[in-house]
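Asks: Pasting a structure below so you can have a look.
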Amino acid sequence: MVSESHHEALAAPPATTVAAAPPSNVTEPASPGGGGGKEDAFSKLKEKFMNELNKIPLPPWALIAIAIVAVLLILTCCFCLCKKCLFKKKNKKKGKEKGGKNAINMKDVKDLGKTMKDQDDDAETGLTDGEEKEEPKEVEKLGKIQYSLDYDFQNNQLLVGIIQAAELPALDMGGTSDPYVKVFLLPDKKKKYETKVHRKTLNPVFNEQFTFKVPYSELGGKTLVMAVYDFDRFSKHDIIGEYKVAMNTVDFGHVTEEWRDLQSAEKEEQEKLGDICFSLRYVPTAGKLTVVILEAKNLKKMDVGGLSDPYVKIHLMQNGKRLKKKKTTIKKNTLNPYYNESFSFEVPFEQIQKVQIVVTVLDYDKIGKNDAIGKVFVGYNSTGAELRHWSDMLANPRRPIAQWHTLQPEEEVDAMLAVKK
């Protein structure tokens, strides 16, 4: 008995611990009861908000739209503020890391490299003084020319030999040029020589000699110019480069022969030779082409007195051959002659598209050769204003079509006619 009671007494403590457990379990479900109170409060607040919302005299869709717009505006403002703050932080960080390098660059742009800071900035960016100077110094190589000079004391003649040119730049689409050389003595530009055109080459060999009749006593005040051009059949010829020789620096005790680098030519204005006005009329049924030389103006002064004695030659040409030739009367001592002289040529209709009319204004000289002031041609393979004039004539048969034309240098027109055969 004693042992049984003793066992019951020992079992009592565990019983008390088991009985204590339920209260701890009872406290846990109490929290949901507290959450339910919060939900009731939220539902009451929601109900109150909806009641107030219902009092507003607007349909539900309008309220929803207003709410969406308001939310979008708030989000946009927040995004802009965040972006602005981040941008400021980045700029400050860059300024600290680079030590104001950008500020120096701006100053470099404004001051164009006048201070030591600009030089330091160049060093930072990897540019050196040599590299800076190389940009404007990118001088294009223009090639070189070989020539010879001699003087014939018995005949008072300067002998200029154009031997060859080399390493010329390519000015044509095919990677070549069509070079030729103009030779003249300054200050007198009236007498000019030129070599033959050499096709599609950058190393032309000319081997041509030209003679200038100049007394030795006057030679020292003159300058020889050798200008290399690229021939262009459709437009003005491009100058490649030139070389000038002052005659007072040449020793004419022996023949001079040397290579010299071509230099960039000064852009000289096209010498104004004057303008000429003439009319064209074609009658297809009769095969008759009529050219009326009306007048010329602002002609180049050719005589010592500052005037000229101009007259006009008209050539009918086909395939480089002169078929017919006409000329006007000579007008004395004038740079603005008036002619109004008519000339007719027989040209069958099937040939009218193949012929050319070449108009040349010349200065009459009693002694010596008559010098050409300038010329122009219309018809087959003409371009620009000359082509328009010819086209207008063909488009208006039996009607005279008058037009002004600018005179061009004789050598340029002759070169174009030589190609356009």
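Heads up, the Cβ atoms here are built off N, Cα and C, so glycines get one too.
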Asks: Swiss-Prot annotates one residue of ASN25, ASN340 as N-linked glycosylation site; which residue is it?
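Replies: The candidate carrying the N-linked glycosylation site note in Swiss-Prot is ASN25.
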Asks: In whole Å, note down how far the CA of CYS77 (S-palmitoyl cysteine) lies from the CA of PHE231 (Ca(2+) 1 binding site).
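Replies: Counting only the Cα atoms, the answer is 69 Å.
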Asks: Taking only the Cα atoms, work out how far CYS85 (S-palmitoyl cysteine) lies from ASP178 (Ca(2+) 1 binding site), in Å, as a whole number.
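Replies: The separation of the Cα atoms works out to 66 Å.
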Asks: When the Cα of ASP232 (Ca(2+) 1 binding site) is compared with the Cα of each of the recorded sites CYS77, CYS78, CYS80, CYS82, which one is closest?
Replies: CYS80
Asks: In three-state terms from DSSP, label CYS85 (S-palmitoyl cysteine) for me.
Replies: helix
